[in-house]
Amino acid sequence: MQTEAAPDHNPFRIARKQLDEAADIIQLDPAAHEILRWPLRELHVTIPVKMDSGCIKIFHGFRVQYNDARGPNKGGVRFHPDESIDTVRALAAWMTWKTAVMDLPLGGGKGGVICDTKSMSNDELERLSRAYIRQVGRMLGLEKDVPAPDMYTTPQIMAWMADEYSFMQGNNEFGVVTGKPLELGGSAGRGDATARGGIYCVREAAELLGMNLSGMKAAIQGYGNVGSNTHKLAVELLGMRVVCVSDSQGGIYNPEGLDHAELMTHKQATGSVTGFPGALPVANEELLELDVAVLFPAALESVINGSNAGNIKAILIAELANGPATPEADKILYSKGIHVIPDLLCNAGGVTVSYFEMVQNSYGYYWEEEDVHRRLEKKMKTAFRKVNETARKYNVHNRLGAYILAVERVADAMKLRGWV
Ligand SMILES: NC(=O)c1ccc[n+]([C@@H]2O[C@H](COP(=O)([O-])OP(=O)(O)OC[C@H]3O[C@@H](n4cnc5c(N)ncnc54)[C@H](O)[C@@H]3O)[C@@H](O)[C@H]2O)c1
């Protein structure tokens, strides 16, 4: 069954509140504002899947197309037991703002299925992934809506989805999904793109704040695709010491720093970062309040909120997760002078390389990894500076700066198209 988020942490209400605040500041045309408060389209699907035991299990899923004024809807598919329509709506809205902040010719969408992948076999996951695409495929297309991976969805799942969609069309249309394996038209550099984009932003922020990050401490919440790659790149590209990381089972702490390769081996062997030799156990809530230079939330929404924002000691928060801080937290963090790199910018490396993947798929020519890194770095730097400029111009925190930039761009596109 669908689980409702706690009232004040409902992600869609938060997304709307953020939009309303930006719209007020720029005195957005009321019709444009009203359109942007709603998804343009959404589909709720019920998905029967034959489980290995032979019984049929019924899953529920969604695909939301929030706004495609600037181009086809783009956004991942999440497989999560707590998925809800409001989470998917919020994530689809954030994708709309994110593609606009990055100035990509795309809109925003998102999908999700309520399921617990950890309790499913590989065959069950394949059947669910294909069945989801058979249900939402009517909304997808190169010029309509292009999904990608998100929490608990992988390149293999993207491959099944691209294959199922291709069968439905009667020809290969691999470009309809991004985050695919390289062998099926994936882009070099997509695997660590979200983490890498965030690290490029941290480098820009450190320069802005006059911080030398070398040897400084970092903590990372979440140790999946984004969190584990952030660990690797924070050490490799920034010379930082990652002292604390966590996953859904709990966290670990070592003031000397955690070794990425050894921790990956441990996680692969045991399924969790917990119990890593030489490290002390730490609760997920404690991780957020540690005395570190940079805090990387890379797991779930609303983890930084009115009740803990006042205790945060980091100088910089790099929001790799979507929606990790609530509006109450934003106010507190801003008043404490903590520099937040907002999710709309910080985790946009993934969608940017997904866009590169769409471009490469459409002309059938593939770039070298260094080429992808160079293009990503340029996009991230430009967007970082633009967000910073906008925040300063309006004298607001960076999230509102990012919102204002994005909302103006989407509203301009709607006006040019004659929608408002
Ligand atoms: N993958 C991408 O390209 C991408 C792009 C943009 C944003 N994001 C966002 O980054 C975040 C992580 O995505 P991912 O792709 O790494 O997912 P993932 O499924 O690979 O990993 C998720 C991680 O979060 C951990 N986790 C789950 N619940 C937790 C909890 N309560 N406390 C601490 N850790 C918890 C899991 O154990 C796992 O380590 C999500 O918010 C996602 O929306 C991902």
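Glycine too: its Cβ is placed from the backbone N, Cα and C atoms.
Residues or ranges marked as substrate binding site by TrEMBL: LYS74, LYS98, SER354. What TrEMBL records for LYS110 is active site, proton donor. Per TrEMBL, the feature site 'Important for catalysis' maps to ASP150. Sequence annotations record features per position, and here TrEMBL assigns NAD(+) binding site to THR194, ASN225.
In this structure, ASP150 are the recorded positions from LYS110, ASP150, SER354 whose C-beta falls under 6 Å of some atom of ligand 1. Across LYS74, LYS98, SER354, which the record gives as binding substrate, the greatest C-alpha separation is 13 Å. For LYS74 (substrate binding site) paired with ASP150 (site 'Important for catalysis'), the C-alpha to C-alpha distance reads 12 Å. Note: LYS98 (substrate binding site) has non-local neighbours GLY108, ASP343, LEU344, LEU345, ASN347, ALA348, VAL351, ALA406, i.e. same-chain residues 6+ apart with C-beta under 8 A of its own C-beta. One way to see the shell of the substrate site is to take the Cβ centroid of LYS74, LYS98, SER354; the remaining same-chain residues with a Cβ within 8 Å of it are GLY75, MET95, THR99, MET102, LEU104, LEU106, GLY108, ALA148, ALA348, GLY350, VAL351, THR352, TYR355.
Rounded to a whole number, the C-alpha distance linking LYS110 (active site, proton donor) with ASN225 (NAD(+) binding site) is 18 angstrom.
Put plainly, the binding-site residues ASN225, SER354 were compared by Cβ crowding within 10 Å, and the winner is SER354. Fewest Cβ neighbours within 10 Å among the recorded positions LYS74, LYS110: that distinction goes to LYS74. When secondary structure is read from DSSP and collapsed to three states, SER354 (substrate binding site) falls in the helix class.
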